[in-house]
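For reference, the structure discussed in these notes is given below.
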Amino acid sequence: MKRTHLFIVGIYFLSSCRAEEGLNFPTYDGKDRVVSLSEKNFKQVLKKYDLLCLYYHEPVSSDKVTQKQFQLKEIVLELVAQVLEHKAIGFVMVDAKKEAKLAKKLGFDEEGSLYILKGDRTIEFDGEFAADVLVEFLLDLIEDPVEIISSKLEVQAFERIEDYIKLIGFFKSEDSEYYKAFEEAAEHFQPYIKFFATFDKGVAKKLSLKMNEVDFYEPFMDEPIAIPNKPYTEEELVEFVKEHQRPTLRRLRPEEMFETWEDDLNGIHIVAFAEKSDPDGYEFLEILKQVARDNTDNPDLSILWIDPDDFPLLVAYWEKTFKIDLFRPQIGVVNVTDADSVWMEIPDDDDLPTAEELEDWIEDVLSGKINTEDDDEDDDDDDNSDEEDNDDSDDDDDE
C-alpha cells in the first residue's frame, strides 16, 4: 500500500495581540514529548500508557526538503502530545533502519505510517496528518468501544447520527455473555464504526429491538438491517460488519480518507461533491440519499460523498485535477490510478438532476457506457485539434 501522503500540518499561529481567556489556541511550547523508541525501552514505554502512538519513518536523509517534511510531521506530533498530555497517550518515533528488528516484531511494513497500540490491537491511522484530526481520532479511540443508551433523549441523538455505519444491540446487562461478545466485536472497528447498546426495555421497544438482537444501520438509510441468527458470537458479528462495510453512500472523512479512497470498485469511484451547508449542496445531497435508498441492494454501487468544507486545502487541487467548479454540486466517475475523470453535465444550480436522471447516469457508469477512457479520448481530440490549428498556421505563414 504505497502512496504519497498529503500531510497537512493543521497548526494555527496566533497573532501578537493577546487572546481573550478561554480562547487560547495551543501553540507548541518547545518541550520535547515525543521520544525515540527502541527495543531497550519498548516495554517500559508501553506500560506507561493506555494508547501508544508510533510514527514509523525512514531514516532522515541529508536532503533539505525531506528534512523539512520530517520536521513538520514531528511538530504535528509534538503539538498533539502537548494537547493530550493529561491523557494516558504516549508518542514515539520508530526509525525503520535503526529499529528494523522492533518494527518487524510489531508488524510495521509501511514507512511514513502512524500506528496506535491499544491493548493487543494495532490500529493504522490512514487519514490526514493534521493536529486537529489526530487529536479527535485519538480521543475517540481512548473511549469505551460501546456507548450505552438509556433515555429517550439519547435515542434521539442516536437517530440523528446518519453519516456513520452504526450498530445497536439490546442485552440483559453488562454481564451478559452476548453483550461481552458485542463489546469485543466493537473493538475491531473502533473508532470508525459506532457501536451502541441498551439494557433498557423502553429504549429497546422504541427501537424495535428484541433481547440479544443487534441492528445494523447503513449510512443515510431509514431502516436498519436486523442481523440474523441471534444470539451472536464475536466472530459472527465481525464477519457480518466486514461483509457490509462498504455503504451505498458514504462520506469521505479526514481521519480515514486514504483508506476510503483505496476501497474502490474495479479501480473507480463515483464521487459526489456537495457542501452540506450550502442550499444547493444540501438539495443535491438529499437527491443522492434518495438514490442510495432506492439502490441499497446493488452491491456494485457505492457513491463517495465529499463535502469540500471538510478539506479546504484540497479544493484548489481537486478543481485543477478534475477541471470542475466545487462551488457547485458535482458528480463524476474517477479513476483512482491516474485521476482521469468524467463528470455529469449539470447546467446550473437551479437545474439539479432529479433522482431518476441521476440513476440513469449511474447505470451508464456501472454498465461502462460512461467511463474515464472517454476523458482520455477527449484530451486526444483536443491535442489533435491543437496540432491541426498549428499546421494551418504554418501553411498560412508559408503563403
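Glycine residues also receive a Cβ, built from the backbone N, Cα and C atoms like all the rest.
Pulled from Swiss-Prot:
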type     : residues : note
SIGNAL   : 1-19     : signal peptide
MOD_RES  : Tyr282   : phosphotyrosine
CARBOHYD : Asn335   : N-linked glycosylation site
REGION   : 365-399  : region 'Disordered'
COMPBIAS : 373-399  : compositional bias 'Acidic residues'
MOD_RES  : Ser385   : phosphoserine
MOD_RES  : Ser393   : phosphoserine
Cα-Cα distance linking the residue listed as 'phosphotyrosine' and Asn335 (N-linked glycosylation site), given in Å to the nearest integer: 26
C-beta crowding around Tyr282 (phosphotyrosine), within 10 angstroms: 13
